[in-house]
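S.K.: Pulled these from Swiss-Prot:
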ACT_SITE  Cys88  active site, proton acceptor
BINDING   Gly89, His90, His208, Asp232, Gly237, Thr238  substrate binding site
ACT_SITE  Cys236  active site, proton donor
Amino acid sequence: MKRIQIIDSHTGGEPTRLVVSGFPSLGDGTMAERRDVLAREHDRYRTACILEPRGSDVLVGALLCDPVAPDAAAGVIFFNNSGYLGMCGHGTIGVVRTLHHMGRIAPGVHRIETPVGTVEATLHDDLSVSVRNVPAYRHAQGVALDVPGYGPVKGDIAWGGNWFFLISDHGQRVAGDNVAALTAYASAVREGLERAGITGANGGEIDHIELFADDPEHDSRSFVLCPGLAYDRSPCGTGTSAKLACLAADGKLAPGAVWRQASVIGSVFHASYERADGGIVPTIRGSAHLSAEATLLIEEDDPFGWGIGS
């Protein structure tokens, strides 16, 4: 029987499952190199943690790793039901909050290594977390697309740690009771991008679709469709970073000004940015709450031990 130790949290309603132990050794390379080893040789550990019967489509996994740099607090590899993520904002907030719960860090500034670079996270005295993300930028503005069943769509392509297609003029109602329609629309957009061969820089797959709408209490409300068909319950850290890159490029938000991004369920991130060569460096602040500590058990004769559909 195999055992995998986990600690679950949620950030603004979006769950993160931190894997503390039980995965095979991935070597001593960078987080990107270790992610590649995990994907190539041990992917069934991802599916065991994330897919049913132990997980769900909305769950994001985070494998805790020893960092390469001696001044880093931890390394982490993010994954979900469809594969691997370069970076995850809500997940980083959850990881930092959980590291404090484990007694590994105190309030202060900490460096976290990810497959797309090292991010700086500040654990505040109230246990909220600010994540200084990897650089973000807008790759293309006003990209036109024809989506069957919906007609013409125009959006921006931006990098915030993952690739996003951001749409403000979409005609959809961004609300928690309209998730099914939002999912269908965003999924059709993503399929349209793939059919048209539209990508991020260097052929990067645009696997996140982000829809924006006005919000009576905050600067914006968003719906984010993640890889697969799960939507982000949080405002999405990498998605908010991509949004800031577009706002900065359009001159609509000054460096240091706070942008309050609400999610489709009403949870909120506070975000700002500083300028950097070719783009911006965003900072996202939010809170995570602990929800479980558990040991996942994988019996040798369990036909679904490594996940349904794996």
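We number each residue from 1, going along the chain as drawn.
Glycine residues also receive a Cβ, built from the backbone N, Cα and C atoms like all the rest.
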S.K.: Largest pairwise Cα distance, Å, within the listed substrate binders Gly89, His90, His208, Asp232, Gly237, Thr238?
M.R.: 14
S.K.: Which residues of the same chain, at least 6 positions away in sequence, have a Cβ lying under 8 Å from the Cβ of His90 (substrate binding site)?
M.R.: Thr11, Gly12, Glu14, Thr16, Val60, Asp232, Ser234, Cys236, Gly237, Gly286, Ala288
S.K.: Could you check the binding-site residues Gly89, Gly237 and say which one's CB has the most other CB atoms within 10 Å?
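M.R.: Counting every other Cβ within 10 Å of each candidate, the maximum falls on Gly237.
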S.K.: Including all protein chains shown, what's the count of other C-beta atoms within 10 A of the C-beta of Asp232 (substrate binding site)?
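M.R.: Excluding its own Cβ, the number within 10 Å is 29.
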S.K.: To the nearest Å, how far is the Cα of Cys88 (active site, proton acceptor) from the Cα of Thr238 (substrate binding site)?
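M.R.: If we compare the Cα positions of Cys88 (active site, proton acceptor) and Thr238 (substrate binding site), the gap is 6 Å.
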